[in-house]
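Before any comments, here is the structure.
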Amino acid sequence: MARSGRRRGWCDGARWLPAVTLFCALALWPGCTGALDTSRYYHYEELTELLRAAAAAHGSMARLFSIGQSAENRSLWVMEISTTPGRPSPGKPKFKYVGNMHGDETVSRQVLVYLIQYLLEGYGRDGRVERLLNGTDVYIMPSMNPDGFERSREGDCAGEQGGRSNARNKDLNRCFSDQFEPEAGEEVVEDEDVPEVVAMERWIKENKFVASGNLHGGSVVASYPYDDSRTRTSVGYYSKCPDDEVFKYLAKSYASKHPVMKIGMPNCSNDSSGEIFKDGITNGAKWYDVRGGMQDYNYLQGDCFEITLELTCCKYPPASALHSEWENNRDALLNLMEQVHIGIAGFVIDAVFGSGISNATIVVAGIDHNITTGNFGDFHRLLVPGIYNVTVVAQGYMPVTIFDIEVLEGPATQLNFTLQPLVAADNHTFETTTAFTEFRTHNVSEAEDEHQSKAIEPANFRHHNYADMEILLRKYATDYPAITHLHTVGKSVEQRNLYVMEISDNPGIHEMGEPEFKYIGNMHGNEVVGRELLLNLIEYLCNNYGTDPEVTSLVNKTRIHIMPSMNPDGYEVSTEGDVSGVVGRNNSNNFDLNRNFPDQFFKISDPQQPETSAVMDWLQKIPFVLSANLHGGSLVVNYPYDDDKEGIIVYSKSPDDAIFKQLALSFAKENSPMFEGHPCKDMYPEEYFPQGITNGAHWYNVPGGMQDWNYLHTNCFEVTIELGCVKFPFAKDLPKYWKQNKRSLLQFIKQVHKGMKGFVLDATNRKAIYNATIVVAEVNHPVRSAKDGDYWRLLVPGVYKITASAPGYIPMTRNVTVVEEAVEVNFTLSRVTDDDVNSRDRGTINSSAEPGEEFQQLVRSLSSEEGLKNLISSARVDLSLDRYHDYKDLSEALRGLHSNYPTITNLDSLGQSVEVRQIWALEISDKPGTKEPKEPKIKFVAGVHGNAPVGTELLLAFAEFLCILYGKNQAITKLIEETKIVIVPSVNPDGREISQEGQCMSKVGLTNVNGKDLDTDFIGNSSEQFSEMQPETRGIVKNLILNQGFTLSVVLDGGSLLATYPYDKPVQTDENVPGGVVRGAQWHGHMHSMKDFSVTYGHCPEITVYTGCCNFPHAKDLATIWRDNKKSLLRMLVEVHKGLRGMVTDTAGNPISKVNIILNEGVKVLTSEAGYFHVLLSPGPHHIDALAAGYQHQRKQVFVSSYEAATSLVIVVELDNKLLGLPRELVVTAAGATLSAILVTACIVWCVCSIKSNHQKDGFHRLRQHRDEYEDEIRMMSMGSKKSLLSSKVAAVCVFFPTTPKEKNYISSLPCSCDQTVCLPFINCHLDLRKQARQLENELDLKLVSFSKLCTSYSGATTRDGRRDRYSSDTTPLLNGSSQDRMFETMAVEIEQLLAKLTGVNDKMAEYTSTPGVTSLNAALMHTLQRHRDILQDYTHEFNKTKANFIAIREREDLLGSVRKDIESYKSGSGVNNRRTELFLKEHEHLRNSDRLIEDTISIAMATKENVTSQRGVLKTIQSKVNSLANILFKAILKKSSMLYLG
């Protein structure tokens, strides 16, 4: 009963009355009629009203919202149907239906509308519907392409009449991001052309949909992924996805419930081949290949299992078929929704806090497709019946696997996973058991390991000086030669050996696949605990090898390097018992070795010490994986970074922060005092390290530390371990230190076997690939393979995307699940061949390639010498370089290139030389002349010196080379498509014309015709400096350097054979860079060079390449020079794509222009108008700072590869909430208060100045007020009488004046209290007089406003005879004085005439008021007459006052004019120019200016008044229309009353 009542309330409700009325009229909703209306289609407006009405009627179950707009701004409506609409529902799966993706496939649109009704009305009535909605959140989008639907035509079965695509002619089911790369020349769809797709992709990614159906038309079949394949086979290729069985199960669940689909023979009239689909289902690609389809995107990007459902052969059948189509699909639609509950479902929970873990990965063994948990840790993984092993992995947690999970037909098997954090909550013990391994932590104060009682403990607990240590090391090296190798890596300052004991089952050699580990102690000479512990460790490992399983396993599987003392000199001067001293800390040169390594943030000015150099060389030779540096003075494990760019105490996070914390914890948790986190309570009572670990910079800054250098410059992950509060304890305490740290030392070595490991091999010969790069997605720290191709990458458990790449090889990417023990992942890379460069089909084998990956692979391949060599050998172009081009020939050649290749070239002039020769610039790009902010830009410039024209010829040949090969050579084509290339072959054409061939050293032509060396003319970017430049320089600066935003600039010159880089200005010289590269200042230093200007003002790095020792060699040598330089020119096109490219946006995604991008706190570039930047950087790590006005400072760290394409980076900046260093709210409040004070002051000034125009306030306002009161009173009299209409007919009729003959006849028939012959004529005459008065008043109102403006704008800036005097300004009115006088006199006469007419009308009204026989009306008529008289009096008063003001102003101007004439006459006649006269004139000018300012203010006020008057007129019009409606209503009532009276 309650539900029925709610439906009645919906149909009767006022809020949704229009929509509900439409529903009830259409008989669509059962709440109105109980039946579906399947008789017609609903267009957009009607559909919108239907959906809104449904949401209003079922507010507790339905929520209507839009995910975006179509191209024609129609909403993409979605109806959510749930027991908790609009609220999160942990544990409830989400299902969606999407219809009408192709606008002319319309059955889906209607069927989904019917489904919405069916579900909403069925809840509570139909048990199946109620069960479905109680456990599922359903989302239904009836139309994804409303624009296309509006253009389609009913009855169009074959889709021949349009509507399939959206409003911008794009097929929405071909525009989603696809897993396979696009073909060459394939159209790239811009986001603005497919807003429907953009909105859908965003919606899919933001929601954890479990399953989905995409409804189409044109056949009758259920299609499932994949929809396309790498082979690009158009039909017949079965493209199998990892969940193929699940998708077939879903497709059959729909087809089996569809009476036509389940047969598998659609028998469509438009299908001549007679398609047959077994069981009514098909693999999408096997049916036909669909690039950019939505169902594949759902599966790959949204973890949503979507199938495509073709509902009917006819795309847009007649509406008469809708009923049968609904009946055919109803049960199938419900059945597919119910399948969202199959498989497994549950929650992933944090074991410590009990909260859900979001974004945990659900891995099903044998199925290469993972899903992730939702915000509450909930998951739903669709699976067909069977037995499965399921693993859950989350960042920072121990993975958990459940084996042999049985999935049955029907509801999902419920599974909950509880994951232990890697960092324990308990400070003492930590124990977690998973299916992979058992990880146990012992409290060292309790029982030791069982095997420990059998292990041989060290017996040598004493302090060892250098000689003693040396003897001990030799002893163990001699006693255990099978597992030890003693060697030295260098010498200290005092020539002591830096000994290293290597312990391994094969000492002295690197074993393939075996990781390298090292311990370094005694870096600070007076911190000796680490030195003694490492000597104990050597003894322990040697004595227990072969008898203790733990030790034997470590030695057999790990190559362990132990350096007991890195600072033997410092040790020799330190003293036993030193607690916190510094004697012996530094080396013999008194330098702290842990401040002596190169630093990423600060320049280390101290000279590098021999101990430091020795260790650095050692680390470069051996591929260490893990290391610890043992110190003393506290009790904590410290991990990178050790410092930050500001040099302050702050958490300086490295890219591998998670694994570093795990490594640090592995040591600390085995040392009970350390793990408690309160070391050195007597010395540092406030110091606390949670769980005994800390970030280095968060403790204190250490610039030049060894651990950061290890991480940044090698593959080695190093931590620093402080072993005790006393730096040099007494020997009696050494056994205690060994007991506390033995387990920690052993456990830390074991960590080298975490993460992943493997080999990188050549696919052809299976040989190792040395120095291959292993990159973990989203972790900006690559590692490299060793000489045997083996690599190790430490990682915490989780799922990672790993890419292996090497120069000359095609990269390979794999998805890897890392568990507790190291997982082995091998990469087999294929070599880049000629076909890889020139043939797209054979050039990519990476199955996980993303859009744009092909070009990145091209950059990698061309970065190798072999790649460029292959390109040049395959790109054979016969260019006849046998002559030089003078200016005329050069111009014709450039025009010829543009004429023959117009689609990729654009020829423009940057300016002209002194002798008016053009400075040509040729752009080569796939979109010449258009801005493409994402693409890097490179410019090649030559001919700066006219006597060195080789560069001109090389650039001309290079341009022709590129143009010829575009479209013929794949690599060249891609380079042109991805690059903006600008070629300026001759900057100094005048100098070129006078230079002579064969003159190698001649200076003729070096300068321009003004004798200026143009490379010394780039003096600055101010307007004054521009004017001083030569015309050639000015054109280059304004039209090239400053306005183009180049990434790289290459200048070709002659006279030597080398390349120079900035700066050219004389500076302190550095040593030359090997390979013929020097700083410009070191060769020919000079000021104001183009190179320096380009870097300083154009923010573009520029190099100058000198192509030969002879400036102007003979033409016969050009071919050889071209051959020698061709590869280098091509190399520049590759290099411009490296470095770093990115974009700066705000938090809403809007690009921000002109942001300062500061690189490594030095070089600065600016973002473009679209927010993009691209900068070339040297290989290695870099700091990027983004500084935007009004936004918070952002810092990013990136790693740049020497052969990878540019690293992409998006920097999102947030608004800075401070202004002038103060909170934004305070500044805004203060500014608002100040502005308010200014406005109040301005209003006061305006009020004072407006005294000159008091008629605006006192006159016209009062007149209009009178008229308003008059009109209000008339309305009151006409509609407000409370007397009976039947007893006061005459008064009512005479006040409410009749206008139509029918009304007048009716009035004449009434018993009038006045004479019948007088009443009606009186009424008519009085009405006419009142209308005339109102008309005259309106005319007077307008005239007086104009008259007032004329008077206030009157100026004496012109003399009476119309001549402008010398003091008039630009603000003087255009009308001169005499013209104003004439207008004044004319308007005064017109106003006087109007006043006279109004007086006459008022007199006539007075005569009618005294007419005998109308005494019953006298009171009202006298009141009306008095109103008109008051208005007349006010108009007359205002006119006289304004007229008097004008006359006074004119007299004043006349007086001032005569004074000016006298002054001018006096000055011109006597020639006197004394100081008093000048002061008087200046004071007079000030007064004149002040007067003009006041007049301007008054003019602004008058303009404002006119606007207000105009607005009031509009309101009056509305008011009159309302009055008319009231009159009509009153007349109707009066007529009805009359009928009652007469009746």
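Yeah, the Cβs are placed from backbone N, Cα and C, and that goes for glycine too.
Checking TrEMBL for region 'Disordered' across the ranges 150-169, 1250-1269 points to 150-169. Counted with DSSP, the region 'Disordered' (150-169) comes out as 2 helix, 0 strand, 18 coil. Around E310 (active site, proton donor/acceptor), taking its Cβ as the centre, 26 other Cβ atoms fall within 10 Å, counting all chains. Per-residue pLDDT, averaged over the domain 'Peptidase M14' (40-340), rounds to 92.
Across the structure, E722 (active site, proton donor/acceptor) and E310 (active site, proton donor/acceptor) are spaced 69 Å apart at their Cα atoms. Counting Cβ atoms from all protein chains shown, E722 (active site, proton donor/acceptor) has 26 others lying within 10 Å of its own Cβ.
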